[in-house]
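As structure tokens, the structure follows; a few thoughts come after it.
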Amino acid sequence: MTKKTIQASCRKNKLYLTPHLNDVLYLHYSGYNAIDGLDEYVGLKCLWLECNAISNISGLDHQSQLRCLYLHNNLIKKIENLQHCKQLDTLNLSHNHIAKIENCGSDILPVLNTLNISHNYLKSIESLAELRKCDFVSVLDISHNRIEDIAIVKVLADMKGLRVLTLVGNPVVNDIPSYRKTLILECKSLTYLDSRPVFDKDRACAEAWKRGGYEEERKEHQRWKKEEQRKMRRSINATLRLRHRGDGEPELLKTSSDEEEEEKEGSAAGRGDFEELEYQSNDVAWKEMEALFNQHTKGDTQQAQKLAEERKASTNSVDYITGSDSNSDPTLVTDCDSCVRNSSRACSSRSDTSDSEDMFDKIVPKKHRKLASSMRPEVSLSDSSSSSSETEDEAGSILDSKLDRQNTITEFIDEYKRFFHSVDLRDPKCVLKNRHKIVRPQTAKSQRTEPIVYEGVLKAMEQNSNGAKIEQARQERFEANERSLAKEAVLERLMKGHAEVDMNIEQQMISIGGKQHNFNEYRLEVFRQDQEKLQNLIDRVTAQKEKYNAHIDSIHDQLANIMEDYGQISEKLRKVDDMIQNIGDEVVVHQEKERDGLEVIQELEPITIAEQIVENMTKEQVPDEVEANDKASDATIDPVDQLSSDESAIDLGELNQHVDAQVEVGPSDPKDATTSKPIPEEFGSDPVYRKFIDIQYEIDKLTEDQIFTALSEAARELQEEELETKLVHDAIDEYWSTDLEDFRRNLNLDAHPIVQRFKRFIECQGTDTDDTDSEAHVRRLENAYHRYERRLSNHLFDEYLMLSRKASIATTTGGESSATELELVELDGGHVLRASTSRRATAWDLKETVEDPVEELEELNEEEDPALKEAGDFKHDELEDEESKPEEKTLKSAEVLGMQEPLADVQGDH
């Protein structure tokens, strides 16, 4: 890193060429091994040095304003030389070789906020003790290190400002019980752990787990879940209220069952008092109705005034219950209310029955609290005062007004229906929740009427109006909700999910390719097909695995054989090295003796030395030649002995070269024990030892380069031989897996010509047989069977040898295959009754010729009739051919050759 390279980097990244004007510098991916040349860059705030070969931190003495330093993917082993960077906020040292955190406490880096030391070599608690001094570090990444000590939890707990922690990839993560809960409890300010944030719910559940275990944690989780659902519901209801502002109260979301239970428990006492008071007020209203319909037709003014006062008192009690007094808020009047009022004006009369109570409260009895007089609009003080004066004037004409209006009840029933269009009858709490907003339609005091007085009206109204009309109103309200598609219904369906959808698709018929199929049958059929495909794949993989394992085993066996051969070769080479070392020591001793006794050596003539060496060697070789001649005369000559006898016959030219080499080196003193070491008897008669002596003389004449070249060529030849051996073994393996299997599969003994001929022979012999000569016939068949069996085995063996010609190389090179592994086609021997107790010929019994019959068969043949014997022999001779005696000729030829070779050797010696 030089000033020139730094300026080139600035030019490349379009930075300032004036050093102190740059606040950021990009020196990453540059191959630097040290930090240098930054003295003039005093205004740097961000320095990028990642992906280099920096081994230590240095050269930052003038970077007092540095805020961010990126040194990841380097070769740093120690944190040092950062005391001048007092304003450093972010330090990235990941993917380095740091084994200990040091020199980064608050005394050196007082404002350090983010520290990344992931993918390093931190292991013990001592290497992390410096973190206790990092008071202002809020983001710490120590992932993918080698931390194993569980005490790291206490170190992290001492970091009061820690907010974000990444600890994944360390062995200690698996050792900490309840890893996430433990760290949340220990690190009080933690907001992000590994790859997930830490919410208040997680911390509350962790604290509950600490208090009472998993059961307490489950309860805390349920409590948080309910609270979240409650907040969501409140938010949706608030949104619905804002949307329907001015249109009346919207249909809001219902609370869950558990919240309803809590609300019921909380409001049980108040609701009981309300029902009691409401019942009392309704009881007073019914008594009032009875008195009204049972009064005399003339109408008494005083009694009417008394009844009006009683009704006023009951009305005031009801207003007290419903909160509709003069001090309450003004009620909202909807469009439906205006419509009802207009209709009520059309059917109004000249007088009214009371000042603060309409006919709806008297006509409809108490069956639902929505039908009671609790939904009464407030009445101002001026209205109440004026109504009291009007009651006195109109009390006398009550009966006349009732008789004039015959259709008043029907009109009020219609008004009752229109009223229920604006009330949600499905919500039993509608009266309590909406008592200040949803109001029953009113009629003006001057337009109110009294019901017609006739017998049985109360009974008829109770039977007809109470149940049927309420049910009809509910049905109309339900149909209206379905037509309007209210927001509450849509949200309710979204909250409940697909409760009304028929999900039983297994019983439905589906159409595939234009045909109807049962879902269960189609699914089972597809499952069977997938299972068959999977099973076929498993079988293929298993077969491939078995084949691969067999191939690996064969390779291991071949390697074992090769290593065994190499061991034998190395042992022989070690012996050769020992012999060469002994010969070298003798040569050194010869040179020393040559310097000491130079005069004595000069007196000896070279011809004399050569003659002595030749004489000694000829003496040693005479017994070997005689022994070789004796072995050559034998018919069964051992190949190893022939090789020794051939090698013992040393060429005359090689002998002269050996003599010349002895002359150059000089003779050794036979009396000196150090110069002439006794040769072991096993090497004295070994021609290989003599050959190695000659090779040693040739090696001494070569230079080092020539020796190296020769060894290289030998190594290359060994590699080529090894490669050829491998190819041969591969070909053999292929043969065993293909050709031999084809041979066995295609082998059909019934169709073999020899077997066909044997069957025809049996048919011929079976046509002219009598009971008298049955034993002779059995013997003839037995003899023919032996001959045909031997002939068939010879044929099959010849075919097998033709197929196994590839494997002959492996048997000679010491490979995997051998003669014992050749699974020859063999006809197992058996025993037959009576004369067939002799062992039958097989493919391995080739040495057994036709001329060596079984003794029992010979005895039986001698007892036969001469005429039958001649006839049988004639038939056997017809069937006999040259193929039944293949080894007889080979043995005779081998004996002839064995007799000729010793004669040739003796003549050559002479």
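Glycine is no exception: its Cβ is also placed from the backbone N, Cα and C atoms.
Residues or ranges marked as compositional bias 'Low complexity' in Swiss-Prot: 380-389. According to Swiss-Prot, the compositional bias 'Acidic residues' annotation covers 855-865. Under the heading domain 'LRRCT', Swiss-Prot lists 171-209. Taken from Swiss-Prot, the feature repeat 'LRR 1' covers 43-64. Residues or ranges marked as repeat 'LRR 2' in Swiss-Prot: 65-86. Annotation comment: Swiss-Prot describes 87-108 as repeat 'LRR 3'. Here Swiss-Prot flags 111-132 as repeat 'LRR 4'. Sequence annotations record features per position, and here Swiss-Prot assigns repeat 'LRR 5' to 136-157.
Below 8 angstroms of C-beta separation, residues 28, 42-58, 92-104, 108-111, 116 of the same chain, each at least six residues beyond the ends of the repeat 'LRR 2' (65-86), sit close to that stretch. Secondary structure of the domain 'LRRCT' (171-209), assigned with DSSP and counted as helix (H, G, I), strand (E, B) and coil, comes to 22 helix, 4 strand, 13 coil. The list of residues near the repeat 'LRR 4' (111-132) in space but at least 6 beyond its ends in sequence, with Cβ under 8 angstroms from a Cβ of it, reads 72, 86-105, 138-149, 151-152, 155-156, 158-159, 166, 169.
For the domain 'LRRCT' (171-209), the model's pLDDT averages out at 91.
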